[in-house]
Each structure stands twice: as structure tokens, then as C-alpha cells.
Amino acid sequence: MKNGLLIIHPAITTTPEKVEIQKNLAESQNVNIDNQYLITKIQDESVSLINDNYDVVYYLTPEKLEDMKFSERLISTIGKSMKIGGQFFGLSDKFKLNALLNGFIVIPEEQSEGLGYHWVKKEDKNSSQAAAVSLAPVSLKKKSITKATNGKLPTFVRKNANPLPSFKPAVASQAEQHDQDIDDDEGVDKNKQALLASLLNNSEQESFSEKDLIDARVSSAREDKITAVECIHTGVKRKKACKDCSCGLKEEEEAEIDGVRAAQDRVVVQFTPAELTEIDFTIEGKKVGGCGSCTLGDAFRCDGCPYLGLPAFTPGQAINLTAISDDL
Amino acid sequence: MAAKKIALLYGSETGNAHDFATVLSHKLHRLHFDHTLSTLADYNIEDIISCKYLFIICSTTGQGELPRNVWERATGDDRLNTLWSFLKKKQLPTNFLNHINVGFLGLGDFSYPKFNYAIRMLEERIVNQLGANEIFDRLEADEISMAGSNKNTGAGIESVYFEFEKKIVAYLMDRFPNRKVNGQIINREPIDKELYLQPPSFLELDTDSKTTESLIRSLELNGNQDEQNKFLHDSSIKYANIVENVRITSEDHFQDIRKFVFKGEKSNDEYSPGDTAAIFPCNSDEAVMRFLDVQPHWKAVADKPLKFTNGIPKDLQNGGVIEAITLRNLLKYHFDISSVPRSSFFLKVWMFATDQKRLERGKEQLDDQREKLYQFGTSEDMQDLFDYCNRPRRSILEVLEDFLSLRLPWEYAADYLPIIKPRLYSISSAPNDPCIELTVAIVKYRTILRHIRKGVCTTYMSSLNKGDRLRYKIFNNNLLVKKQKTKPWILVSPGVGIAPMMSFIRSDFANDITLYFGNRYFHKDFIYRDILENWDSTGKIKLYTCFSRDREASPDVKYVQDILWKHGKELTKLIVKQNAYFYLCGSSGKMPVQVRLTFVEMLKKWGEFSTPTDAEKYLSNMEKEDRYLQETW
């Protein structure tokens, strides 16, 4: 039995019989479907494929051949998971260049010995670089690609595994596939539009309540599917005390505030309420701390600065803060 | 204009989700990804058909609920006709949203049992029931204690947000690494970070002579300018005059609680117990002057009539926009310059740190300030931002006074300054009384900053005198619509939680009411004492009080849950045998948790259930049937 991988487009779930048909077909070809994944899971790396593992890969999608979307990165990922000589069914000549760049050869229908159009993994990707270079210009929908690459032949850069792709001069393969901008007009589903219009103005329908939704969720136990973040930053964060703090953090905060205010009292000159019109306080002379940053404001002061909690200032200058009448 | 393929929608109660959405929007704009940024409620429903990529950031609020701006528009009529109300219609087929690729980020508070319920409800409907394709498993963050973040591993909320951002950017860049400019395909490169992203609509001088004339007229009018000011673009805003504004706690008590009464100009408000009034505050003239002092180049333009290049921004419209648009008026009525800035503020303004003239140490200091502001706006750690702004509750005004290198362009002020939001208060007056009464605690507290911290809205309200005018709205929350009037009611309310209880009792909705009222000192903050004791003596209610810091007045009980326990046997009988209703109101935090725990224990001890689990199930059922109601803030 050969090792098989079945990849499905999520929309296929509306026509589950197609999956059944594919599985039967696999059996008839002596292929055991070891794994079945949604394309999205492979795409976002929530499943990883073992290298050099599959004899056959099938891709099922309800999309029409000419409308199909498939990223270069995915072709590369799948290629790596296949054995040399492995067969990949499901894509089309639309991605021919990517096939070639990723070590596949394309078997057209008439040469497929009845299997239908498919790709065969010929070699490991690295060794295909020479091929990439020679393939470069000729048969593509080029548009302004040469301009973008400054006239040099595009070099094939293996897309790294980081989520954020690095921006090298436009690789030809991407251009072929991504010659569309996101804002290109693709048209909308007219049936959905009509349905929306008819439901929108009809207020006499039943709706689900939030309670219904929670019940549906609870009964299907779908809570565990949350993305886990790989935490780069360690270290405990200082948090604020809760309103009704009972663990003592509030008292600590109050003590800290008292301490800071006491330190401020030592460096400011306070005016009596009678003298107080516009000026709250002035900072005497050049009483500055060791780090020399006291005048720069809290964003630059050190933890023990006596001026913490006061605005930035120039030494000796009266701070002209408009006192709000019912303050303190 | 064609609807955008990318929609970035948020549901925000306190502004966290809004801020993250703003940061993400900024990132998408830098990468030339045109998109719609909106609250879920303000999104144009028809656009969902053209939408291909949907990103939702939503907080959970209240008792596991969706924030208001998910299901209610901010302005206009027909406010409940929103995308969410549409998507809940049963007639929608299971593949209705299968043209959409969606990603979710939920913000919640792990100390609540219904952690992140809002995002889960959205996901349930949009993905599992309507067929949208989820690009990656949803992300959930814990805003408060962090324990619940990130599958309970405790990553900070910002780590979770930046993971969300990374996934979305990677996804879009993978699909659309190029873009079309004048028909040509080029690489999608980000816009230089030093360039400010001009918003679609911004301020400019209004040279129309008619505007200038009307502005001069309004400035020349004698008397209280507030009286003459009109607010446009929100047909649901209302005006009222203050009837009464008195302090009802003793002068020597640390907390100033007001009985605040106002009468609508139209006097036609309909409301029931549990409904809330939204008050739209403004800044003091002193705060406005302070701002102009720290951005002196605005002074020359401060009173000139302005207009927006491309229509009034949506954010500005809630509560109406001041008719005479000038910088001074915008600073007074709309720009929240006393609020604590968020990372998106720094993200937008750091590049305007260009003015060396006011700096003591010249270029070096300028560079330091510029770099520091940039870090505040972009650091994924956010710890420094938290220490500088959030912990001490530093205001935008104070930040500007610390960073004198900032020379902000007034034209874009509506883009980088947050907008003042209304605050909601439970109504205390009897239903439909044209004199609307609120019970409001004035917010004042200390931090390390020398100037005492004050709540924007409560400070505004405390400054109003009889006859002054304010803007408001009434929100009907339908608390009692289906409730049984004939059942006994148990009301529990520490402190200002008494507000909706007053309305409830005055409504004569029920005639078997027991009220548990907790405060701190009998002689200092036993608010509404006369009225309540009168109602108790006439048998309208049964009143039980306790005073947590007053051992003389209540020697053997401290908190409301103590009295509940004391009366445990009788109360449990009322609940289990007579199907009594339970309504708890007050501050969020430990109080509601303690009360609920006490309630469960009461049921276990006196409820005559076969097992303790049955007692817990009984309470869950009560909550489901809205027999155990909770309103905490």
C-alpha cells in the first residue's frame, strides 16, 4: 500500500460525497489515506507534514480549475512531504511554473496512462535552482516584472518558514500567480445579495438569541480550539490592584504613593492657598539627582527620582499649572 | 464607492478592543491594504456580501455579554438594525458566509465565569453556523489578571494581540505580495514609518462666509454659551436642564455621592427600572486653555470656523457634533484630552516630535523624546507604556507637557485624539418621571502624579448648577419586561448599587420586596436613609442594612452577604418554594462573587436538594431564566 495524503478545501464539506469518491479512488489505486487535512491547517502551520513521507497527494477543492487559488509556499511544503517519484493530483497548469520550481514535473492528461493530469516529484528543491534560472523570462505573463527586478534574472529564493515573508525583488513565480491585487473586482454572489435584501427589510423573522448560541457551543464542546501564543517576553508584569483588593496590593500602592508625595514635598516649594492663584509650586534651584535626568519628565526619570510625579521642568522655573478650583 | 474586501470590525466597551483595532488598521494601511474599520454595529450590512476577509476583535462585558457597539448603532434611528441582528436570523443558510475568511481575537476577564463568551458567540454563529472559513484558531486574551490569556498560560494581552496581527499580516501578504499601481504590478512595500497616514477626512479652514457669520453670531450671544450650542448629526441626542445636584453623603466622608436630577427639554422619556441614562460630558475651559498653552501654534486658529474635508468622521457623531466647529469647541466638547493615551495615540503622533525650541537640551533631547514616543507606540512589550501612562493614569495633556518636542498638526486632530465617550448611570427615579434622577459617586483618587485624578464625567456633573444644560440619551435595557410581578423580590445593593433599586421600588412593580443595603458608616454614607426607613415603616419594603466600617451600627454583620447568610433559612425558602427573584447591583470585583458563593451555600444548606451539585444546577437555572439578575460596574 502506498502512503497517501488527502488535502481538502474547507468548502468541500458542503459536498462530502466528493471526499468519499476520492477515497474510493485512492483505494483502487492501492493508496492508503494516512492523513486528511484542511488546506488551511497546513497553510497556517497548525499541522506540519513529515518530510519525504507520501507517495500520493490528492487535493480536493470545489473551485473551478481556472479560479483555483494555491500559494507557492504550499506547493513547496507539500513537495517536501513527498517521496521522490510521488504523485500530486489536484492542481493545474495554472501553477506549472511553481511545480517546476519546486522539483515537480508535470504529466499532462494524454501521457498519464489513465491517471489524469498530475505532477510527479522528481528531485529535491535545492537542486532545481539551475532550472529556475533558465526558465525565468520567456513564457510568462510578464507585465513589468523585469522593471521590478532591475533587468537581472530573478534568482530563486527559497521562501523561509517565518510568518512574515521577506521582500526580495519580485520572484517570477509569485507574479504569475499573484498578478491580482486584492482590490481587483471579482464580483459578488448575486444570490446572496438577493437573499440579504429580502431578509433585511422583513422584520418578522425569528432569530437565534445569544443564549441559543452559547447552548449550541456548550453542547458541541468546541472550546479547546484556541491558538496558543509562543511567549517571547517573560517577566512578571506589575498590575494595578483591584477595586476591592483583599490581597494587600492596594495597601502597597497607597504606601508607594505616600512615599512619592513625601519625596515631592522635599523638593517643591508650596504656596499657601492664599498665595495660590496660578502657580502650584516651583522647583528650587538645581536640586537634581545623580542621573541628571530629573528635569526631563517621568518618561526619563529613574525609579527613585524625587521629582517623580511632577511634570518636566527647567530648574528654578515656576511651574505654571492652572489649578482647578476644587482641587485637593 | 465599492465595499472593501477587508473588514476590520470591533466590539469595545472600555476602549481596549478599539485601540487594538486602530493599531491593526494602522498596520494594514502601511501595507496598502484598503479596508473598512468600524464597530460591528456601524458596519453597513449589505457590505458583508462583498467582504472576503473579516477580522474581528471583541471584548466580553457585563455577565458574558457583547459590548453595546456590537448590537446597537451609536447614532440615528433604527439603531438596533445591525449586522449582528441580521446574522442571527434563522432563515440564513449554513453557507451564507462561506465566501469569507475570518480571524477572531477575544478580550475578556478571566475572573468572570463567562470568560470571552462574546467572541465565542460570534465565532459560533459566523463560522460554525454560517460557514465562514476560519484562517486560524481564535485567540483569546485576559485583560485583567492575565491568567486566562493564551490558553491559560498567562501571556500578556499585548502578546496575544501581536500574534493576531502577525497571523493576519502573514496571511494577507502571502496572498497579495504585490499590488497594482496604474495597471502595473509592483511589490507590496510598507509606507515609510516616518510618514503620517492621512485620514480620509480631516479638518481645514472653512472659508464659506455663511459659516463665519453664524459663528460670529453664536459667539456674540450673551449668557451661557452652552444654552445656545447645538449638536448636529445625531438625531437621538437629547437636551435637559439640571433640577437638583446635591451631595447626599456627609461632608466628612471620603466619598462624594450626588443626587443628580435633570429634566429633559421634551419631558417625554420613557424608561423602566434597570434602564440607564448616558451623560455626554465636556472638558473644562481650564483644560482647553492648558492644551492651547502646550500647543501654542493652535492659538491663531483656535476660534476660526473649520470643516471636514470629507464628511464628519463616524466616531465624532455619537452625541452630536458641535455646530460651530472650531478647535476650541472641539477641544471642549469632543477631544478627550484628559484621558489616558493608548498605544495608538503614540503610534500616530510620534513623528510630530520635531520642535527643538522648547527643549532645554536641544537636539539630543529631541532625539530621545522622539525615540521614546516611538517605543510607546510600537513596543510589543507595552510595559513601559503601562508604567508611564496607565499606572499613574497620566492624561494626554500631561504627556504633551512632558514632551514639549511634540508639535501636533491641528488638521489631523480628529484622527489622533480620542473622542470623549458618554458615561452610563442607572436611573433612580420612578419610571417615566420627567425628572430623571441619578445616584452618582464623584470619582477622585490619588496616584504618584501630584495632581489628583478625577473622572471626566463625574467632574463635569459635579460642576453643573441648577438650570445648566446637558446632553443625554436613555437606554432601555428591558430588565423587567417579562418578569412576574406577583413573585417576591430580593434586592441586594451595596453602595451606589442602590440606584436602580430606588427606581424598582418606586415603580410599584412588585409588592413583596426585601432590600439588603450595605454601606460603610451609618452617619456618613447611609444615602436615602429617610426615604428607605419610611418605606420600611409603611411596609412597602423590608429593609436590612449593614455598615462595613461601623461596628457600632452593625456589630455582627459587615457585608450584605453576611445578612443574607443570617437570614439564610427564610430566604432560601422564599427562593425555592415561592420562586423569588434575586437582583444584585453594585461594584464589580469580589462583591458579586462573594454574594453568589453565599447564595450557593444557602441553597446547599437549606434548599433541600439531594446533592450539592443539584443546588449549583438550580442556581445556574435561575441565571438562565433571569431569576438571578446581576448588574455590576
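All residue numbers here begin at 1 and follow the chain in the order shown.
Backbone N, Cα and C atoms are what each Cβ position is placed from, and that goes for glycine too.
In TrEMBL, annotation is done automatically, which means it is predicted and not curated.
Annotated FMN binding in TrEMBL involves B:S12, B:E13, B:T14, B:G15, B:N16, B:A17, B:S59, B:T60, B:T61, B:G62 plus, out of the candidates B:E140, B:E143, B:E158, the residue B:E143. In sequence order, B:S59 are the residues of the chain that are 6 or more apart from B:T14 (FMN binding site) and have a CB within less than 8 Å of its CB. Taking the C-alpha atom of B:V557 (NADP(+) binding site) as reference, the shortest distance to any of the binding-site residues B:L424, B:S426, B:V456 belongs to B:S426. Sitting within 8 Å of the Cβ centre of B:S12, B:E13, B:T14, B:G15, B:N16, B:A17, B:S59, B:T60, B:T61, B:G62, B:E143, and not among those site residues for FMN, are the Cβ atoms of B:G11, B:P67, B:L107. Cβ-based neighbour count (10 Å, all protein chains) for B:S59 (FMN binding site) stands at 28. For B:E143 (FMN binding site), the nearest of the binding-site residues by C-alpha distance turns out to be B:R393; the candidates were B:R393, B:R549, B:Q561. Take the binding-site residues B:V456, B:V560: by the count of other Cβ atoms within 10 Å of each Cβ, the lowest one is B:V456. Residues B:S12, B:E13, B:T14, B:G15, B:N16, B:A17, B:S59, B:T60, B:T61, B:G62, B:E143 are the ones the record ties to FMN, and the longest Cα gap between any two of them is 15 Å. Here the CA atom of B:N16 (FMN binding site) lies 15 Å from the CA atom of B:R393 (FAD binding site).
Around B:S426 (FAD binding site), a 10 Å sphere centred on its CB holds 26 further CB atoms from the protein chains shown.
Comparing Cα positions, B:V456 (FAD binding site) lies closest to B:T61 out of the binding-site residues B:T61, B:S548, B:K558.
Classification of B:V557 (NADP(+) binding site) by DSSP places it in coil, neither helical nor stranded.
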